[in-house]
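First the structure, in the form of structure tokens, and then the observations on it.
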There are 2 protein chains.
Amino acid sequence: MTDQARVKLKPGDTIGIVGGGQLGRMLAMAAARLGLRCRVFSPDPDSPAFDVVANATCAEYADVEALELFASDVDVITYEFENVPAASAMILAARRSVLPDRQILETTQDRLIEKDFVTKLGIQTADYADVSSPQTLRAAIARIGLPAVLKTRRFGYDGKGQTLIRAGDDPDRVWEDLGTKSAILEAFVPFEREISVIAARSADGNVECFDVTENEHRDHILKVSRVPAAISDALAAQARDIARRIADALDYVGVLAVELFVVPGDGGSKILVNEVAPRVHNSGHWTLDGASISQFEQHIRAIAGWQLGKPVRYGDVTMTNLIGDEINSYADWLGVPGATVHLYGKGAPRPGRKMGHVTQVAPAGQK
Amino acid sequence: MTDQARVKLKPGDTIGIVGGGQLGRMLAMAAARLGLRCRVFSPDPDSPAFDVVANATCAEYADVEALELFASDVDVITYEFENVPAASAMILAARRSVLPDRQILETTQDRLIEKDFVTKLGIQTADYADVSSPQTLRAAIARIGLPAVLKTRRFGYDGKGQTLIRAGDDPDRVWEDLGTKSAILEAFVPFEREISVIAARSADGNVECFDVTENEHRDHILKVSRVPAAISDALAAQARDIARRIADALDYVGVLAVELFVVPGDGGSKILVNEVAPRVHNSGHWTLDGASISQFEQHIRAIAGWQLGKPVRYGDVTMTNLIGDEINSYADWLGVPGATVHLYGKGAPRPGRKMGHVTQVAPAGQK
């Protein structure tokens, strides 16, 4: 039995959550519903997750003493975002189980390592190449072709740290503008649609996937999710199987999200893995209202050493993000019959900032 | 415009909740979902609601200074139970709006005043009589007949403070055993079923009722709620209309519950009001999972001065309370497909103590 399989929380025990954003907030609320307490660690005194827990640690990720005290006050530790500094994760893991295992972060924090990992499982991705100089970029373009997307290997999200290279662009200038020494060039994928699978894996290796979700981005930020995705049952089964294989290969405990592209293929549509997020995911927010058990609860159950739930979906679900100034429309949404409004308790609505979301559930098949 | 109509909270504002039990806990979680903060006031350091808020006041209800500080730290005040001491409510109301209005408590804290109030609206209840001595008890029995139920006028809940009088019982002894000076004798109602209506009323007088719920008690404690109730549409409309008239007559702001009996009548079944609870109610817990908006959210919206939601029900819902030792079965419930488990974060499972509940939603009409 591995260390992670030995964590078994009782109601009243305390989960440590690293990161204080809306994902941490919704994780803490899911834990409370199950009678579990949470302590949140975040350097930001205005962390939305601080509002929903009795105990919080406001300290820098480099604050070793604060990390150690935090770890000693909780029974298991998880995180709400994939960019937890490796050193912080190591300090925490020396004192308490950190789930999902911190070594998984090393895979998913680096686009190249992640793509190599997925490819080795025999799962298709867009063509990609390691790029570390103008010379290697030129070679990668020669192999992959244009258009293609150049991305930093680390710390990218919501379209940050990436740029599209079109035919005629100057590779030297693009390389200089990205300002990194380690990048990855990915073939531009002319996808039919973007989908995602939210999978939960328990400590004893059981995997439960939510129904495949279809996602619509605007300015690289998720705007709308719809479930079920408008794809064939066979393709949906294939997507869930990919998520399961990735979770198994990582010996994962908790919830992960796999983002995929549906692309035209010779024998009909096929799917490519775009990204793996080792955490609860915006495209799974619909589960809070549209299913008997949410992604947040599945994650909490998994890291608590509890059995996963068997979620039942209540209908066809649409989740709409409220981004930036869109939050000012919350009062209009309050009056929409059947709409469930979630506001994250954030301060100023900066452009691109996820401020809340709205869920709408329609009877299945009647949309 | 009355004082209560002027309360208008913005996201980020703070609601004060008096009482720290599971109702306060679920109110605080509903407020958080809307981006509102809560501060909980409770004398019990183990209050379940303390776990889900960043700020709490642990003090006695007689602690004037603590009440005043609490009031000054919040933007509006509400309560999770109807037995808030009148003096405490007055101190709070001198500093902040208390919603529902504290004077409503004077009606609903006293079974006799409540029954008189309902009767004056032209709404039927079981026959009842004021009882303050063995002599008045004998006179009441002579008028109402036996069996009948003798109840203390104040501080009764979950069957506490009441006793059934059968033919042959000694009224003097029953009176002595109840140990009160002010009671009410109610005719025993041979009901077909027990139902309840959860109604929300906004500051501007809009009323939204949830679908009528059918309730099954065990040892005077709610065990199972089912919605929709197995009654005619006409009777359901009548039940909702009664709740609306009571809410309007009280100039109520927030959620109230009306418990009713369905009894055989000359022209078919009819309904009698049993009790009015000026708060969110156990028989409305199904709304947390079975509808797009819960009773807790409706209450928060109403006291925040926001518009009420238009809840849509996701199917036929069953809510099962986990009472006392039944909480030990939570792990079994975790594995039931479609079951949503709520644990209240309470300590020891004393007999009769409400420890959690489980919701199950089935496609409408397929139960």
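Glycine too: its Cβ is placed from the backbone N, Cα and C atoms.
Those TrEMBL annotations? Automatic predictions, nothing curated.
TrEMBL annotations:
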- B:R111, B:K151, B:156-162, B:186-189, B:E194, B:H217, B:274-275: ATP binding site (BINDING)
- B:115-304: domain 'ATP-grasp' (DOMAIN)
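Feature map: TrEMBL annotations on the structure.
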residue: B:R111; record: ATP binding site; DSSP (3 states): helix
residue: B:K160; record: ATP binding site; DSSP (3 states): coil
residue: B:E186; record: ATP binding site; DSSP (3 states): strand
residue: B:N274; record: ATP binding site; DSSP (3 states): strand
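Of all the binding-site residues listed here (B:R111, B:K160), it is B:K160 whose C-beta has the fewest other C-beta atoms within 10 angstroms. Listed in sequence order, the residues of the same chain lying 6 or more apart from B:N274 (ATP binding site) and placing their CB within less than 8 Å of its CB are B:T125, B:A126, B:V189, B:E194, B:E259, B:L260, B:F261. In sequence order, B:T125, B:A126, B:D127, B:Y128, B:I144, B:A148, B:V149, B:L150, B:K151 constitute the residues six or more apart from B:E186 (ATP binding site) in its chain with CB-CB distances below 8 Å.
Counting every protein chain shown, the number of other Cβ atoms lying within 10 Å of the Cβ of B:V189 (ATP binding site) is 18.
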